[in-house]
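Listed in TrEMBL:
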TRANSMEM  B:20-40  transmembrane segment
TRANSMEM  B:49-65  transmembrane segment
TRANSMEM  B:71-92  transmembrane segment
TRANSMEM  B:104-123  transmembrane segment
TRANSMEM  B:149-168  transmembrane segment
TRANSMEM  B:189-218  transmembrane segment
TRANSMEM  B:230-254  transmembrane segment
TRANSMEM  B:266-285  transmembrane segment
Amino acid sequence: MKISKFNIALVGLGLVAPLVLYPVFLMKVLCFALFASAFNLLLGFVGLLSFGHAVFLGTGGYITGYLMMNTGITPELGILAGTAAAAILGAVYGKLAVKREGIYFAMVTLALAQLMFFVYLQAPFTGGEDGLQGVPRGELFGFIDLSDNMNMYYFVFAIFLAGFWLINRTVHSPFGQVLKAIRENEARATSLGYNVNDYKWVAFVISAALAGMAGSTKTLVFQLASLTDVHWHMSGEVVLMTLLGGMGTIFGPFVGAATIVSIQNFLSGGELGNYIHIIMGIIFIVCVLAFRSGIVGEIQKVIKRNFS
Amino acid sequence: MATFLGINLFALSGQLLVGLINGSFYALLSLGLAIIFGLLKIINFAQGAMYMLGAFAAFLALQYLGMNYWFALIFVPLAVGAVGILMERFLIRPIANEDHLYSLLLTFGFALVLQGLFTHWFGSSGLPYAIPDELKGGTRLPFMYLPNYRAWIIVASLIVCVGTWWMIEKTKLGAYLRAGTENPALMQAFGINVPLMVTLTFGFGVALAGFAGVMAAPVYSVSPEMGSNILIVVFAIVVIGGMGSIGGAILTGLAMGVVEGLTKYFYPEASTTVIFFVMVIVLLLKPAGLFGKEA
């Protein structure tokens, strides 16, 4: 990513945001934005719809949560461990999933995620239905107290920027160009001599690792790792965020995540909380029928039409 | 107690029976998915929600209309099929020319709305539906007790599955359907109304889920979650069997039910995950699925 004025302005906005808005809300947005961006690397840039990405979010969360509660490691190592665990799971699941294409890919990833859901439900270290509660945030590098929300926010912001940067680098690298070639015409990419499945697999592992990093961070923020994060609802939610924001765009997942998290926050307070899944479903249907480019995609179209 | 090589035959055959019953539902649902996939090339994520809708419709028809089980078994699938037809006509057809992933996402959204509505109306705890009087009681077999309703489930689903298979593989209507699967444009050129056929096929596939829902109402509790839980398992089954063949979908469904039942007896901890493990093994050994045609 080139360092443009636009990007500097965005980072500046991120730095001052917690002075205006509630930091925990912002951290939630950043975690989900990273999760959705990681997911978008697969859906938007390789054309692979993973319907089980929650499993990586949840795995990162459980591993980080367990380590923070039971060993004395510092939070940055906890997050690294969670990310690594998600990457390993992603490596195994990716190998299996890339054997099938299109709709089958979605079903395979969903089924594999459900497999881990039941494992986490029964495994002794996850706390079953209760999950891991009261996960300590710890002290970053051993001396920065993360129980302070402002410290925690800037830590989360740094993680988000790192993840976001990595996704950008991947998309704009020669490797990313091959991914896009696979998305556009897989047979052609194969005939040009690329081992398509290996490319898909590497993209899958990167995506899984970053989704895990988002989950690890989220666990520290909310001091909780639970089955909600591995449930298929969560997998559906990240699809929705990406679709709503604009799949295949760099900023789309961020915009989608911010929108969905805001809607959820808004609804959960009032009487409309019961309707949350219905509203999510309706947004899904409307997006697919009338709004397939998503918010960022539509804005880009308008800019293209009027300014170039 | 009857034992053989340390195996409790009573308990084992009980679990086998439960397995066959689950397998009947798996078969009905994956059959519906396979029929829809054949012509529309999409996976209906709302198939589980339609199964749930069928169960609730039977419950509500009994509660408010006094419609008994036998009438429900006929009218509920028709009603659920009608919902499917409306869904195909007004939601799926407008985006038929887009990437199939969009229609998949659309059916997913539809399923969320349905499940959300029923959770809102009825809560997430299960509702009871009584077994019809004619099928109460059971038969004592040499080493197990066979409740009549459970036997009925297996027999009735087998009849519907085999009937559907026969209709698709052996009749002229089925021939149209198979031809439409191969080459819809050519069918249209021969003067067959393909869009109508697509709509009716979708309706029929969904009606099968509604039928399964009515059958399930007396054995499982009627709850909004019942559809999504079973659907993910059915997806794994569809991956195992491959959607290339109608007979394959039925056989794989029944077989996986039995595998699950056996696991419940020998290693209960894995009973919820065993089908997913089978899927992993199939993906490793025969990625296209046991009955799959495509590479």
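Our numbering is plain: 1 for the first residue shown, then up by one each step along the chain.
A Cβ is built for glycine as well, from the same backbone N, Cα and C atoms used for every other residue.
Here the transmembrane segment (B:20-40) lies next to the transmembrane segment (B:189-218) in space: the count of CB pairs under 8 Å, restricted to residues six or more apart, reaches at least 3.
Across the candidate stretches B:49-65, B:104-123, B:189-218, B:266-285, the maximum count of CB pairs under 8 A to the transmembrane segment (B:149-168) is reached by B:189-218. Counting Cβ pairs under 8 Å to the transmembrane segment (B:230-254), the stretch among B:49-65, B:71-92, B:104-123, B:189-218, B:266-285 with the most such contacts is B:266-285. Against the transmembrane segment (B:71-92), stretch B:189-218 shows more Cβ pairs under 8 Å than any other of B:104-123, B:189-218, B:266-285.
The transmembrane segment (B:104-123) and the transmembrane segment (B:189-218) are not in contact, since fewer than 3 Cβ pairs between them lie under 8 Å (pairs 6 or more apart in sequence). Packing against the transmembrane segment (B:189-218) from elsewhere in the chain are residues 24-25, 28-29, 31-33, 35-36, 38-40, 44, 46-48, 50-59, 69, 72-73, 76-85, 87-89, 92-93, 129-132, 149, 153, 156-157, 160, 164, 176-177, 179-180, 226-227: each is 6 or more residues past its ends and has a CB under 8 Å from a CB in it.
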